[in-house]
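K.L.:
Let me begin by handing over the structure; questions about it come next.
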Amino acid sequence: MRPPAPAALGLLLLLLLLLPPPDQAAKKPTPCQRCRELVDKFKQGMVDTAKKNFGGGNTAWEEKTLSKYEFSEVRLLEIMESLCGSSDFECNRLVEEQEEHLEAWWLRLKKEHPDLFEWFCVKTLQVCCYPGTYGPDCLACQGGSERPCSGNGHCSGDGSRQGDGSCQCHVGYQGALCTDCTDGYFSSLRNETHRICTACDESCKTCTGPTNRDCGQCEVGWVREDGACVDVDECAAEPPPCGEKQYCQNANGSFMCEECDSTCVGCTGKGPGQCKECIPGYTKESGQCTDIDECSLAEKACVRENENCYNTPGSYVCVCPEGFEETEDACVQTQTAGDGEWSALLPLAQREDSRWGLPSLCSGVCLHWEPPREEIHTRSGLGVPGRREGKTAPGTKS
């Protein structure tokens, strides 16, 4: 079997892209919605042309000869031409199919049937129903066509030839006619014609009034105390509900577990000032966990002779200067006599970095690059002879 030609594949891909997604196809307007949209556009066209005339310059003669512009076919044509966009296929198809009906209403039936929607969509095309009715026979919705669903819900198929007339109740209402309150709501008004359900206090699962003292049952996360539903402080529970590296934050009816600051070993709240203890390499100063500068301690962190110390967050590194090599007990100078003089003639980029005391990574002329402190602490292969990573205990070798 021969593979499909590239042109055929391209055409197939284009067709797939033009197809509407499944959810869009499911939302296709109903015939009643299409008809209503067309009527709305027709009415807007009437508004847009209300103050126009024939435009010939002699309005009095034109209206005497051609009849008034207000009722003329010229105005009808202008309205019809403005109904649909060029790319709206469904609208143009509907106008083409129903052009004679619209023309008949405009020229002969408008005075007798002033409501275009009622005459065109309900009585003539029979794709819509009167408000409060539904289905093929336009039957009254549950609760009656005057106040479907007791005014507390939506009638399925209301105003169309579709649906089953059942009630889809608004939030807080339930029952076949939407006359009962759901949990979390109470009846604040109830008479022969109206039912109004109002939300309970947030602490109530059921209630008879608006406050936390009117609860029939408390919501989860609340408990009854002295006749009222009050919030349970889950954060005060033993054992605590959150992990060792988290702190608990109470909320109405619930709680949240938030992460401690990275410098903390356990905490009671947000930030380095709420740490119970500090991680190694940090100490409490003015109530906050701050980095220990091991390089400035009285007891030297880097104990070998000629060795440089560099502080890093939570630790330090020990580095032999340029021109020295690492031995077990010291940084030993490797330059011979005269090497220093030769070094002074080198370009600046080839000399020791004055800010870090580290050998430069450049040769020749280049822009100055400053390595992040973390790289000095963790990376190898930087051309740094004798680098040693520090620990929190001064003088400990890695």
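Each residue, glycine too, has its Cβ placed from N, Cα and C.
Not measured: the values here are computed from a predicted model.
What TrEMBL shows for this protein is this:
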| type | residues | note |
| --- | --- | --- |
| SIGNAL | 1-25 | signal peptide |
| DOMAIN | 137-179 | domain 'EGF-like' |
| DISULFID | Cys169-Cys178 | disulfide bond |
| DOMAIN | 291-332 | domain 'EGF-like' |
| REGION | 377-398 | region 'Disordered' |
K.L.:
If you count the C-beta atoms lying within 10 Å of each candidate's C-beta, which of the disulfide-bonded residues Cys169, Cys178 ends up with the smallest number?
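P.N.:
Selected from the disulfide-bonded residues Cys169, Cys178 on minimum Cβ neighbours within 10 Å: Cys169.
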K.L.:
Within the domain 'EGF-like' (137-179), count helix residues (DSSP H, G, I), strand residues (E, B) and coil residues, in that order.
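P.N.:
The breakdown for the domain 'EGF-like' (137-179) reads 4 helix, 11 strand, 28 coil.
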